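A.B. asks: Here you go, one structure.
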Ligand SMILES: Nc1ncnc2c1ncn2[C@@H]1O[C@H](COP(=O)(O)O)[C@@H](OP(=O)(O)O)[C@H]1O
Ligand SMILES: [Mg+2]
């Protein structure tokens, strides 16, 4: 049986997807789950989610009986809209009904509070980590920079991820150790296309627009890339790297931190494609632990000079804040 590499091991598997190379027999999945059926189920759930979100984004009636009104609740952890809640229930119900016998648990940004009480954060075994709407602030503003994340984790290690970017008609899949690819609504596939830029002075850095404190701004300035772009949603930022439009992304926690559901699926797709996704000291991320926070300085890149970017970021952050926990 094929064993997937551990999270964080930068062994750069092949970047392209070949259907021939992937069979349901050599893929390590929960008992009774077949890879082809899983991919098919994820395709229909994802495009259904795209229909719901795009309807809300355009002010038209969402399908599947979800309410028309885009109500928005302002919470300390960020806004939650009717679109977040609709896609949350679409995904949770959909996974349960498509795979009724699978022995996995379901954790999503929207059910995390209840599940945390039940101790799901510490659970071993199979678990889906879902972000029904990543980039809610951008969704509300209407920039189109929003995504849906689904990641499958076993014993705290990533196995596969799906990142849907509705406004670009892109459905990215990544199976660790197998490869990553993009599909459109017709199921037409294309490969990841990383850029060839490796000189920091010509590389393009993407970062959050709405979570950019003084330390992150100073760090970005000190790293001094060729260009810097502010993009909403972690999935959309990683999408720019997968398309070769950008080269690396830096996430820095401050008073708040991104969570498992922000990082898990984008990491799975990027690493399955051969990219790098680590803390600046090279440590891998680990999922569904304690409070689901992904604190520290995270470096996400096309993988061609990941160690160099990490070293530079680590040195600079130590100068800016010697107490920062990388
Ligand atoms: N420093 C931080 N603190 C809290 N959340 C963060 C964060 N950086 C990123 N995120 C989360 O990551 C997602 C993308 O953020 P951004 O667009 O700023 O990069 C958002 O998720 P949600 O939209 O799912 O809440 C946001 O809440
Ligand atoms: Mg999110």
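Including glycine, each Cβ sits where the backbone N, Cα and C put it.
As annotated by TrEMBL, Mg(2+) binding site applies to 109, 131, 133, 134, 262.
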A.B. asks: Taking the centroid of the Cβ atoms of 109, 131, 133, 134, 262 (Mg(2+) site), which other same-chain residues have Cβ within 8 Å of it?
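C.D. replies: Filtered neighbour residues, in order: 84, 130, 132, 135, 136, 147, 148, 149, 233, 234, 235, 259, 261.
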A.B. asks: In the three-state scheme derived from DSSP, which category covers residue 109 (Mg(2+) binding site)?
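C.D. replies: Going by the DSSP assignment, residue 109 (Mg(2+) binding site) belongs to neither helix nor strand, so it counts as coil.
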A.B. asks: At a 10 Å cut-off from the C-beta of residue 109 (Mg(2+) binding site), count the other C-beta atoms across all protein chains.
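C.D. replies: Summing over all protein chains shown, residue 109 (Mg(2+) binding site) has 24 other Cβ atoms within 10 Å.
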